[in-house]
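The structure appears below as structure tokens.
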Amino acid sequence: SSKPGLKLHYRLHSNEKPYECRACSKRFSEKVHLNTHFRTSHSNDRPYECGICNKAFKRKWILTNHIRAHTKEKPYQCDICKCRYSVKKSLNQHLLKHTNEKPYECDICKRPFTWKRSFEQHMQRHSKSKYYDCELCGKIFTSNYNLKRHQQAHAKNKSYKCELCNNSFISISLLKSHCQTHTKEKRFECEICRKIFAYKCSLKEHYYTHTNVRPFKCDVCPYAFVKKSQMIRHYRTHTNEKPYV
């Protein structure tokens, strides 16, 4: 094998990415991948033009699929029901109906989906809802009641005791929250709506609802979130990570 080929192979193991996009700082292991990324993501260059309507495209395969909209050509046929499609992706999605396969599963409510589009729409509804995270294991719940029931499973190792009522808790943050019920102490006030919070971090997250600032951005897509936990849940829709299964 050649030296350049060996070098590229080594980068697969080392995860080395020496080529950086000057527009967005994304890094690549090979220069050809950087060039393709820049042309398709940042350049206005559209070298592939439709001879029928003169519409131009960045990639050849997009032009090929576009032309089929003019010609009505459908080269991809289902072997089961003989339905035909102009794009192979559409055929693959159609085949899932026959196999009853549902490859997309929601990490939060475990609902499975056949199509990625339906799955993404479902996840957007979750991102607008309120969730409760177990601070010990990271598991997510749709209600505070379910979270409390779950935390009873951790309760065997209670080590933080309230000095006022002798209740014990599995973490110091839960103990602090409990102590608020005794002292009713709430020290941090929102200067916009005058709502008061026990913790500065809670006030900070609340303040984002007024400013519409979403500081936690997804590295994969344009979505951004007020809370880091929301961003982490969303990010798992890209990685297909299922940490609680």
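Every residue, even glycine, has its Cβ placed from backbone N, Cα and C.
As annotated by TrEMBL, domain 'C2H2-type' applies to 19-47 (among others).
Look at TrEMBL and you will find 48-75 (among others) tagged as domain 'C2H2-type'. According to DSSP, the domain 'C2H2-type' (48-75) comprises 12 helix, 4 strand, 12 coil.
Residues 65, 68-69, 112-115 of the same chain lie 6+ residues outside the domain 'C2H2-type' (76-103) yet bring a C-beta within less than 8 angstroms of a C-beta in it. Annotated domain 'C2H2-type' per TrEMBL: 76-103 (among others), in sequence order.
As annotated by TrEMBL, domain 'C2H2-type' applies to 104-131 (among others).
The domain 'C2H2-type' feature in TrEMBL is assigned to 132-159 (among others).
Positions annotated as domain 'C2H2-type' by TrEMBL: 160-187 (among others).
The domain 'C2H2-type' annotation in TrEMBL covers 188-215 (among others). Beyond the ends of the domain 'C2H2-type' (188-215), by six or more residues, the same chain brings 177, 180, 224-227 to within a C-beta distance below 8 angstroms of the stretch.
Counting residue by residue with DSSP, the domain 'C2H2-type' (216-243) contains 12 helix, 4 strand, 12 coil. Annotation comment: TrEMBL describes 216-243 (among others) as domain 'C2H2-type'.
Across the domain 'C2H2-type' (188-215), the model assigns an average pLDDT of 77.
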